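Per TrEMBL, the features are:
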DOMAIN    60-245  domain 'Aminopeptidase N-like N-terminal'
DOMAIN    279-502  domain 'Peptidase M1 membrane alanine aminopeptidase'
BINDING   350, 354, 373  Zn(2+) binding site
ACT_SITE  351  active site, proton acceptor
SITE      428  site 'Transition state stabilizer'
């Protein structure tokens, strides 16, 4: 009977989906024959046999044999790529990727036949090469394509690129490393450079005797060559991999190692920083054991290397068996704060999670990048239990997703720039947020875990899409219901039905609470700052809390689902309702004037009537509704009146962030009267808490987060006591020649205050050039960039004293100050061509640069400037989603100011 009910339920679902489908008609259309594709012309003048961005599916690579010969003196390399392939469909062409490679010879062998020379055609705009045949290759045949080539090592941060650093004696050391995700393996070797073309790899790399090499697999042997070089040969990969996960490094690094669960875990760094690698090794070993157990699938490779690259743009990259990191994301000094260690642990947790989500099971195409990044982000917070950090990133993801310029978690991707743009907070943080929401909504504490184990086992070594994930979770759900003898036909939704709308459309719900007597009506609509589109809403998952009588206790009432509206009964003795308990749901709640008033009254009477996370979520929701125009800024201030009794990190840091955003907007409009009133208001909320902060070592991570936020705000507002303490700490630090330690969570505020004086700025720059610990160095850089001295921007572009990898951080820091934000905007306009040479159009770095230089504009004049500049770029960036986001943000800032400034005098 249970099996019968499952069948009935599935049939109902199919009928419901069919019956509820919406069709769009634009009149009758005459059937037409599809137009023949227009083939482009290759570099030699012949017709190129392919006309699409995506490669044809007729050929499947099985294995690659790569031999690479880098010359770190000339900054060039040569290579040989041998690709064994199988023919899936009859075809007269082989099309694959190659970028900036000079192919010197190509041969082709079919089956057991003889290898013959072939001509390689190239179409550079799509980074594709092709070989044409006069006779068809037949399905089922195997063939081998061998390509010899030469190229320059890349001078940017992708492909096979060169890097350098200074050793302890001041000597320049050169190295070469790789960064292939998303589209740059083709810059190191010709390949089928799409995630779905998985294959095995065997890699050989030549080097000088005083260098070492690393790749995905352990080294099999080393051979001395007649030239005096040595050839390192690595084992053939024991797993099939996507090309973007291949990696190799040629350097002079030093490892520390430990065996864990039959895997050799090693952390590599430049020799001078070996003492900073122990924390990373210990953390990686613990996390590897945790993931092996949690996923019930043992990490499949013999070794796992974590490598700190001195010049590396991304935070880290999950190459299978050879994870590469920026030094600040992996290395931890002996005096590092717990907050700094938490950052490193989070990055390691994220990259190790990728060894399952992304490497073992990989999305079929970049439209479903969230299957990699959303899961890795979710696991990094879940594995380390870093609740405060996860709460904050969920808030920030909601803000981005409220914009019309946002995109669906799973969305169409048709250009290289669109591929780059997928690496944003929607794929990462929103993806993680909806997984958290799903986990919290499923019955029992193991259903979600069992579902993802089923997903990993079912698609191990394969490629997937979003539907595969939801179907795996649904299968587990139905199985558990079957085992528990539940009548499945009575269930109103399954995972696939419930979650598909969360990934197929942008945005999130706004749930409005309307209470009349004992009737509470919850209605759902699309939360959108500027309404240009109409979307079909799916289920909203809602948790709620109620208070009995005079707040004698709080009851968490289970989970229920609403479509467009839902009505429930609540006794009139209940004083208030708080939805979205723990903020585990990805939506915003509006309680109406009476509902907000009841919650505010409850908090003023007893701040602990809600958890810190729920208090933070009320603050975030209230500011979001103010930006939407659903509540007045007076109501925002009314809620914040309880803050004088607040001491917990999540609500304080969220309130400070929101108020500082408004303060900076007013400051950059030169609304001096309102700026001074905002300062008074902020200090009235937090002045007492600011004064209570110590400047000594703090052992609690949460308290370090709280202290740094409070003191940075205090010093930014020129609170005398804060400025004095920061200057005194810096003076002590300088006079001790760096031996007097500044607590890690206070370094940024101390260095920022110190840098405001010209003499201390020069001292800080000198210290910056000598300090070896990277986290401290980065905070010095933020201090240097917080002033009117624009030399820092030019230095970051040139990459001499300041590495170019830090330029997005420098621009962001310069933009945040009143004295620097116009300099930063002028800088990116004047240097745009150089910026997109160093950072790809659409990349996360370019997204960050655009956001940081434009997000604090709020006038029509600045809107016109930004619109005019980006419109003039055409193919150099005018169509980027981040440009649309910038324009939308400026309009929203302008709207908020127009709506609220007239009443500011009265409110403040």
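Placement of Cβ uses the backbone N, Cα and C atoms for every residue, glycine included.
In the predicted structure, the domain 'Aminopeptidase N-like N-terminal' (60-245) carries a mean pLDDT of 96. Cβ-based crowding with a 10 Å cutoff singles out 350 as the top-ranked of the binding-site residues 350, 354. For the residue listed as 'active site, proton acceptor', the same-chain residues 6+ apart in sequence whose C-beta sits under 8 angstroms from its C-beta are 306, 316, 317, 318, 323, 325, 376.
Those same-chain residues not listed among 350, 354, 373 yet with C-beta within 8 angstroms of the centroid of the Zn(2+) site C-beta atoms are 318, 351, 353, 357, 358, 372, 375, 376, 377, 379, 380, 428. Around the Cβ of residue 373 (Zn(2+) binding site), 26 further Cβ atoms fall within 10 Å across all displayed protein chains.
Between residue 373 (Zn(2+) binding site) and residue 428 (site 'Transition state stabilizer'), the C-alpha separation comes to 5 Å. The separation of residue 350 (Zn(2+) binding site) from residue 428 (site 'Transition state stabilizer'), Cα to Cα, is 11 Å.
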